[in-house]
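Chemist: Straight out of TrEMBL:
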REGION    1-40  region 'Disordered'
COMPBIAS  25-35  compositional bias 'Pro residues'
DOMAIN    211-339  domain 'PROP1-like PPR'
REPEAT    310-340  repeat 'PPR'
REPEAT    349-383  repeat 'PPR'
REPEAT    384-418  repeat 'PPR'
REPEAT    521-555  repeat 'PPR'
REPEAT    556-590  repeat 'PPR'
Amino acid sequence: MALAMTSSSPQPPPPSHRGRRRPQPAAPTPNANPKPRPRAKALPLLSDVGVGRDPAAIKYYARVASNLAGAGRLRDFLLAAEGLRAAAGDDPSFAARISARLLSRGVAAAVRDRGLPHVLEFLRDAERVRVPAAEMLDADASDAVAAACRMLLEERRMAEYVEVVEALARYGFYVQGIVKPMDVLKIFVKKRDPDMAIRYARIFPNSQLLLCNTMEAFGKRKELKNALTVFGALKGQLGGINMFACRSIIDICGHCGSSVQARIIFEGLLADKITPNTYVFNSLMNVNAHSLSYNLSVYKHMQNLGVAPDLTSYNILLKTCCNAREFNMAHEIYEEMKKKERDGLLKLDVFTYSTMMKVFADAKMWKMASNIKEDMQGGGVRLNLVTWSSLINAYANSGLVDRAIEILEEMIRDGCQPTAPCFNIILTACLKSCQYDRAFRLFYSWKKSGIKISLSPEQKRCLDGAFTFCKEYPSNDGTILVVPFRPTVTTYNILMKACGTNAERAKSVMNEMRRSGLCPDLISWSILMDIYGTSQNRDGAVQALRRMQRVGIKLNVSAYTVAIKACVANKDLKLALHLFDEMKTHQLKPNLVTYKTLLTARSNYGSLQEVQQCLAIYQEMRKAGYQANDYYLKELIVEWCEGVLSSGSANRDFYNLDLQPKRKESFNLFLEKVVTVLQKDVDQNQIVDVRGLSKVEARIVVLSVLRKIKEQYLLGRAVLDDVVIITGQEKTSRAEVETSAVDVEHAIVTVLTDDLGLEVLIGPGSLPPVSAKLNAPTKSRSNLEQVSKNFTRRPQGVIKITFNSLNHWLKKKAVRIVQ
């Protein structure tokens, strides 16, 4: 709207008086009565004055508006600017005549006095009246706005900061100069806020690069979910996804250990009709280097799409073959690479040769490894530390310690200074070949005088400056080069293993390690505990564990497992279980070795508590996803439950029909039944459900119940209720063994009546009791036939042992124990 100017506002002279002298008013008469001053009249609207037709007027009013802005009256400036714009007919010359210096001074004052919200409101209204105020600010005003923004950042008012920067960028302010965008994005990464990071990155013109960097920052922190969120934002941006982002997110998946997610991303690209480039294929194969079949399929897909593999592609395939121990396939790929090199399509690098050297070293093919060295020298590629180490390892794995030492000396003559791992490889070879004394001799020889190499004058000239911390001595034939040997903690750990079962010698090696300025690590203490365990010194192993805690070493599962193993070796299962519980209180998850060590600690069970402990460990192991030896556990349970019979384990042939490892699929149900009956209190109703079990498994479950009742009775807890056994009436078929409910009933009644002399009821309870002579059980064929006659062809489904019969049986057992 047009602005009406009053007489109180600065006014230019009327247009008709321009160029002429203004008449002066007459002096007032002293005694004259003063006339009342007339009220100021509003001047006509600027649109009525017609300043649009007068450039001088536009200049004048632009100066007025600039003065208003310089005085900090930003709202009045906007009113003046809006009126002049309307009066001038949207003439852009008005905005160009506004003083940027005065406007910047007013904005800077507004930032200090009223804060950023007032300035943002002014910039919004200035944009509406077509005044590019943000672009007109000078360095001082821009610095004031930027300082206010940085204050928000220092106070960690992140949401407000992002809103301010968004608004400034919308009004044309140079927001890149406030703070480096990546510094702010790192704050959002630390706060695990990908949504706000995406919002902030999109403010800037180089948003794709910023989002890629943000995605990689999340990946370094192994926050795959947040990295995938940023990747999704990249895909949704205008212009589509770029291959660099695809390669980055696949590498992040590999860093986070999620090769499956990398495959999903790759399949998504193919579904969107996007052909990945060589770098994306290489990243995908590198992430899946543990899966040879998948990488071969990716390589074939790569060829089908017409994407040419490069040297990195072949190197990753070699690495995959090495991980899969497919030595022949690795050799085939290597020969194909050599052919491409002869054709000028590839140039093999040191990584290729080092990988092949490792392949043959792991396969103990030292001759093939030696051929790789010749290929390198023939191709003009110099062996590096990794290649030499792999070649030494090839001979060491084959037990050729002397040849490995010769390669070490050749390595030095070639100008490559060996490190401690090179010496450790030779010491490990002595350990594997049971040359323990030689390992100690080599160690002390190297430690005292290093390794001495004779050099000719020509070799000396070639090696000048190649080694550091080496000494040279003249000799008759040339020069003696002495390469020092600096042992590491790993070196001393190898020597501790070479001590065998001599714990005192291992302790002396550990003390020598301390005197050398090295601190024993977790592996060192674990080796010492293992030596104590194998030497039947349980107390020494436990003391070593406690010493580790005192010196501040954080214990892991391996350390506890070694201590538990030492306790088991000394037949102290109670202490082993105590350490097992202590490990879990420290939030450490047992591994397969821990569980197996505890489960195989017993050859038999002596009490109900021991059985319950074992079953609890076994169930925990299966829930953790580990497979146990079901056959071994079942044998131990049989051994324990058969203890209720006077004949002990005289019925082993009966179990041989069913205790087969191939029936593992039935063990879960059997174990569930055993656990259920053993955890139930004696005072509760003893209902035993054996439906779905074979006759052998049903017998074990029933005997387990009776064994539990017997032990509780000896502790003073009488039986107050009957035992009800549910056998069911359906036919069960499982794992090549078909057992009817009749057979299950027959097997249970036989062991109860003939072997134990108990009185049982079959069916709903209306049938007469089936009993055996109470004086002594019998196992004659006639008695079995008599019991069998009580069964109908259709199973009754229920067997009941009366509590009177149980108490009578238990009293007899107690009398025998007393006698």
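Note that Cβ sites are derived from N, Cα and C of the backbone, with glycine treated the same way.
Note that the structure is a prediction, hence the values are computed from the model and not measured.
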Chemist: If we skip the immediate neighbours and take only residues 6+ beyond the ends of the repeat 'PPR' (310-340), which ones have a Cβ under 8 Å from one of its Cβ atoms?
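Modeler: For the repeat 'PPR' (310-340), the sequence-distant neighbours (Cβ-Cβ under 8 Å, at least 6 residues beyond its ends) are 278, 281-282, 285-286, 288-292, 295-296, 299, 302, 346-349, 351-352, 355-356, 358-360, 362-363, 365, 368, 375.
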Chemist: Mean pLDDT over the repeat 'PPR' (556-590): what is the value?
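Modeler: The average pLDDT of the model in the repeat 'PPR' (556-590) works out to 89.
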Chemist: Helix, strand, coil: count each for the residues of the repeat 'PPR' (521-555), based on DSSP.
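Modeler: For the repeat 'PPR' (521-555), the helix, strand and coil counts are 26 helix, 0 strand, 9 coil.
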Chemist: Would you list the DSSP helix, strand and coil counts for the residues of the repeat 'PPR' (349-383)?
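Modeler: When I sort the residues of the repeat 'PPR' (349-383) into the three classes, I find 26 helix, 0 strand, 9 coil.
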Chemist: For the repeat 'PPR' (349-383), give me same-chain residues lying six or more residues beyond its boundaries with a C-beta closer than 8 angstroms to one of its C-beta atoms, as numbers and ranges.
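Modeler: Distal contacts: 311, 314-315, 318-319, 321-322, 325, 327, 330-331, 334, 337-338, 341, 390-391, 393-395, 397-398, 400, 403, 411, 414, 416.
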Chemist: Can you break down the repeat 'PPR' (310-340) into helix, strand and coil residue counts using DSSP?
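Modeler: For that range the per-state counts are 28 helix, 0 strand, 3 coil.
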Chemist: Summarise the repeat 'PPR' (384-418) by DSSP state, stating how many residues are helix, strand and coil.
Modeler: 26 helix, 0 strand, 9 coil
